[in-house]
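First the structure, in the form of structure tokens, and then the observations on it.
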């Protein structure tokens, strides 16, 4: 059954309620249990009773409370399941709650209460089963052991037995399998064919982006209806939200992504924005609230709403695609469709996947999933059964790779402050905390030669142990690239020479012109109509003329609109906003290449002078959890100096990019933190003094290279000494050469005209030179924007070759009244001729006529030989 299209009757049927009890948050034996669940408690075939024991033989005793100091950092216990003895190794998920984590709820008068308590531990764990490589365990110990255990081909659910102290029940997840359903409306994007060929090829260095761990700083919000459904217990719902995040973090670890919870919020007094049964309206209301209210007071990368409202139709979640890190759309809404948090966690992971750019897994894409359908399938599968999926497919990994290389997720490369994370300090947990120089995990798993795993101290001679700017236990020099730019709107980062960590990722300021592309940067991506047409229609597609956008999008129907209004009706586009509605293309494939559920909408527009224009749009029968991909993406250029925002064509001045650029003195560009990224020879923060380029955020572009300078000076001195020695040894030859050179210089004087007033018929060479200089004088108008290539570190002072488009200087103008210079030397001036004869006579008197045999002196008047240059 599709996670994005579960029907309400199916969802809350007795059998389905049994399936949805997979999670770990609530006791199964509540008053609202279905008859089937009541039967399972009396039927020993549905579950077994097990008592967890510690490895020393003592019974495990539950510890109550989320933040009790008695939750150990490490926990090992033994349980029995189907006559198998399972040894469970657990480690507290220290990275789950980042420093600065807050809990927010409200008083009856609407006053917010923000809690940042001093806590030394929490009750959420990840782990594995001993003896089973690849096994996975996610449990909480907040009030009993609750969670899921996966090893081999088996999945077990462990929950406390209601009313018991030590007894727990354990059962196979497969026994809860329901008949699979299907999602009739998905956006299916094939991985082969035209769509695959349209995928841009990227240099190998960008693969480093995939190897770097990404961190999603997440905020989870529970609306008022969710608060009521959970018994109006603020502490209970906070625990539920953290438990959801613990599952999601476990799911995304396999993709080298960590989910760090920076805040939970409960709307216990009233909803802070309008939440209704319409998921589309609820999504946009929540995203608007996030941008205007939440972001200014709580820094985060993504926010998800857990709602207790039953969405209409089959939708249980919705999120914009490829929107991670954006201020306007990085988030989603999730209906809490299960009594236990695992169901909501899987849906949240699914919608978060859409934010990352992941599409649904379909048969046409040929996705590989290591979990079969009867084992839950994969998280982005549009049609799946129970138990809940917990792994990602090959298609999801490929979608994520493509999105990251396009610039999605620019904010995910900064490591959250976890060295003071909840749970206290512990050597061997993999996080460098206060008092530790390094932490490479437990001694048996540590492979880092720079770190002592027992003491979490650096080995002798080591300066660092972790980070992109650490190599062979030493810091890399300043100016070494540690993160290349991934696209035309990204900026590179460089080692600072003082830290082992690469600086946090930065990119060009919103509204900055893309380098080499006719568009504007927005959230680190250069969105264009051209690229979107290629995505929809394949290679050869291009945007249709403007009249197509105006005519089609003025209809206000499903095939031509500017999105939906507050009443969920299709909105007509004003003429000025037409290029921000449904995208119109020409060319490309015969049908859209984004999947079988996309159809072509063709419109012929007759012209007054005869003929017609063919406009090609798309209508996609969407999955209920994704907005229309046929709409022009936010940040797309819609005119000169204009960009699409909220379905309106707005001036780029709203971003303040030009105002920001003025402080860079024309020698740099503004980054997303409103700081100057300077050219290689200028110093931040304002690029007004000589330096090594870069910004206060990215590190220096080039190295100071004092060692090379010293070597260069020494080599120069040695060369001078060597040259002096040669000159001394060959002084006679040198004197002869020097004398010959002097004669040649005298000869050259003959072709120099005397200083006299120029006639109008002679070219004014001095004036011409002045004109040429004036043409290349740098303009003083700082408003003129200079295109600067900052995509690669500058290693030399050589001027880079010109790239198109570039400003080209015009040719020197031909001054009026002047003629081209003569091709042969002008006749010598008489006064100069007299001086030349005098010199010749002097030389004849000094030297004998034998010198006339030398070709150099054959021009002398006393020589009988023909002169070389007759006067």
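Glycine too: its Cβ is placed from the backbone N, Cα and C atoms.
If you check TrEMBL, you get these features:
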BINDING   350, 354, 360  Zn(2+) binding site
ACT_SITE  351  active site
DOMAIN    424-510  domain 'Disintegrin'
DISULFID  482-502  disulfide bond
DISULFID  660-670  disulfide bond
DISULFID  678-687  disulfide bond
TRANSMEM  709-729  transmembrane segment
REGION    805-829  region 'Disordered'
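All features noted in TrEMBL, drawn onto the structure.
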residue : record         : Cβ contacts under 8 Å, 6 or more apart
482     : disulfide bond : 468, 469, 476, 493, 494, 495, 502, 503, 699
660     : disulfide bond : 509, 670, 674
678     : disulfide bond : 664, 667, 668, 684, 687, 691, 693, 694, 695, 701
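Looking at the domain 'Disintegrin' (424-510) alone, the prediction's average pLDDT is 89. Residue pair residue 351 (active site) / residue 360 (Zn(2+) binding site) shows a Cα separation of 11 Å. The DSSP secondary structure for residue 687 (disulfide bond) is coil. Reduced to three states, the DSSP call for residue 351 (active site) is helix. In the three-state DSSP scheme, residue 660 (disulfide bond) is classed as helix. With all protein chains in the displayed structure included, the most crowded Cβ environment within 10 Å among the binding-site residues 350, 354, 360 is that of 360. Helix first, then strand, then coil: DSSP counts for the domain 'Disintegrin' (424-510) stand at 0 helix, 16 strand, 71 coil.
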